[in-house]
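First comes the structure, then the notes that go with it.
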Amino acid sequence: MPRTRTPLAAIVLAAGKGTRMKSNKAKVLHEVAGRPLAYYPVKRAVELGASPVVVVVGHQAEAVEAALSAALPEAPLRFAVQEQQLGTAHAVLAAKRALRGYRGPVLILSGDTPLLRAETLEAVVSARRRARAAVSLATMTLEAPRGYGRVVRDARGRPARIVEEKDATDAERAVREVNAGLYCVDAELLWKKLAKVGTANAQREFYLTDLVPMAAQAGGVAGVEVPAEEASGVNDRIELARANRVMVGRLAEAFMRAGVTIEDPARFDCDEGVEIGADAVIEPNVRLRGRTRVGARTRVGVGAVITDGVLADGVTVNPYTVISEAKVAEGAILGPFSRLRPGADIGPEAHVGNFVEVKKSRLGKGAKANHLAYLGDAEIGAGANIGAGTITCNYDGERKNPTRIGDGAFIGSDSILVAPIEIGAGAYVAAGSTLTDPVPAGALALGRARQVTKEGWVAQRQAEKQMKGTATGPAPARKGRPAARRAS
């Protein structure tokens, strides 16, 4: 990742509401690949070596500050508040106090541009330095540039000014080269020129773009054309979905180049920060969320959803398994249709089969719960077998209670273990048992009613019913009413 060798500060503009999102949430908090929009430009600036990075917040300022601080705890962040949203120049001025005493270039970028690469930021920073220009700015060429400020160049082909669409003439609207909202400018020049920006425009706002003609007279402007896919902002849900697809596609490509098989990248979904080991296989429609780590040679089946899960090497996750905040050791087999809830810890070569739910429980090496079981707040020893339909009754209405099952124990199908309870190593629990007391190691426990079999009972019952029907006959007519006539 490129890092500038010279001092560099950055300002990320993240104060807007984003009315086109039609949302109660600030625009920059909407997520792409599991991260807020503003996370990406901030992270790219940090990767480039910018310090400090000043984030200008406004709408839902506290929420934006909290989200970015949590997502980038090591970043050299500072926050500045734009109390009123009076335009982009006004937003940049809000960062002046946070950069007090700083001398050097300042990179200015928008908080709604998640697809920018650090290499693109470096190109804008270095263009100013190479050209010895007052300002460098990024431009992009669009087939349909509606809504963007048009770049007007001088006779020598250098950017001379940027005209916002509402202020543009018909000829200027025909220009397809537009402002990408990414600038690099010397701090001293920035504050000096922004003090002169006015509101003589259709929006009656302080435009940062007014800096361009001032800079053109003060030392020139260097233009850098960048890919439109990278620099385009996110303004509505459609653009959000597109940005998400592009970002996930980049992640998928990086994984595949590192030796991961993603069977259908178009049906792969993951968050920034997910890790996948070499020779892992990811089947279609898998969703990998949060800080999930998938080990080498692990296979994740169709439709699996893993959130903050840690899977060791050689794990098999069969289709439609759901994992949240759980650990799975090497060689374990999960699913299909199993669920690991927070605190589940599945040991090496253990099996958690179809319709088994595990919560805050540990399965030892080779332990098996192959179908239709609930294991909560349990410690299950190595090699233990949990029969179909087994339930650990961990909740008594007030607290969660533990169940301990020893190594090699065998729990018969449809058993109910009422916690707190301990089943000793090698013990057997007969199928259909309801247990409330400890079972010693090597013992057999039966907690069910004794079976009673009555031979010939069905025939006897049918005979009794037949005799009753013969003896009863038709019901007598009620007094005062004529007997009902039979149909002839």
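From the backbone N, Cα and C atoms, a Cβ is placed for every residue, glycine too.
Swiss-Prot lists HIS371 with the feature active site, proton acceptor, giving sequence analysis as the kind of evidence. The feature UDP-N-acetyl-alpha-D-glucosamine binding site is assigned by Swiss-Prot to 13-16, LYS27, GLN82, 87-88, 110-112, GLY149, GLU164, ASN179, ASN235, ARG341, LYS359, TYR374, ASN385, with sequence analysis given as support. Annotation comment: Swiss-Prot describes ASP112, ASN235 as Mg(2+) binding site, evidence class sequence analysis. For ALA388, ASN394, TYR395, SER413, ALA431, ARG448, the entry in Swiss-Prot reads acetyl-CoA binding site. What Swiss-Prot lists as compositional bias 'Basic residues' is 478-488. Residues or ranges marked as region 'Pyrophosphorylase' by Swiss-Prot on the basis of sequence analysis: 1-237. Annotation source Swiss-Prot lists region 'Linker' at 238-258, citing sequence analysis. If you look up Swiss-Prot, you'll see 259-488 marked as region 'N-acetyltransferase', on the strength of sequence analysis. Residues annotated as region 'Disordered' in Swiss-Prot: 459-488.
Of ASP112, ASN394, ALA431, all annotated as binding-site residues, the residue with the shortest Cα distance to GLY16 (UDP-N-acetyl-alpha-D-glucosamine binding site) is ASP112.
Taken as a whole, the region 'Pyrophosphorylase' (1-237) shows an average pLDDT of 92 in this prediction.
Compared over the binding-site residues GLY16, GLY87, GLY111, the count of CB atoms lying within 10 A of a residue's CB peaks at GLY111.
Each of the binding-site residues LEU13, ALA388, ALA431 was scored by the other Cβ atoms within 10 Å of its Cβ; the lowest score goes to ALA431. Spanning the residues ALA388, ASN394, TYR395, SER413, ALA431, ARG448 that the record associates with binding acetyl-CoA, the maximal Cα-Cα distance equals 22 Å. When the binding-site residues GLY87, TYR395, ALA431 are compared by Cα distance to HIS371 (active site, proton acceptor), the shortest distance belongs to ALA431. Of the recorded residues, ASN235 (Mg(2+) binding site) and ALA388 (acetyl-CoA binding site) place their C-alpha atoms 51 Å from one another.
Its Cβ placed at the centre, ASP112 (Mg(2+) binding site) has 26 other Cβ atoms within 10 Å. Counting in whole angstrom, ASN385 (UDP-N-acetyl-alpha-D-glucosamine binding site) lies 10 from SER413 (acetyl-CoA binding site) by their C-alpha atoms. When secondary structure is read from DSSP and collapsed to three states, ASN385 (UDP-N-acetyl-alpha-D-glucosamine binding site) falls in the strand class. Residues of the region 'Linker' (238-258) grouped by DSSP class, helix first, strand second and coil last, total 20 helix, 0 strand, 1 coil.
Here the candidates are the binding-site residues ASP112, TYR395, SER413, ARG448, and by Cα distance the one nearest ARG341 (UDP-N-acetyl-alpha-D-glucosamine binding site) turns out to be TYR395. Within the same chain, residues at least six positions away from TYR395 (acetyl-CoA binding site) with a Cβ under 8 Å of its Cβ are GLY376, ASN401.
Contacts of ARG448 (acetyl-CoA binding site) defined by a Cβ separation under 8 A and a same-chain sequence distance of 6+ are given as ALA430, GLY432, SER433, THR434, in order along the sequence.
For the residue listed as 'active site, proton acceptor', other Cβ atoms within 10 Å of its Cβ number 19.
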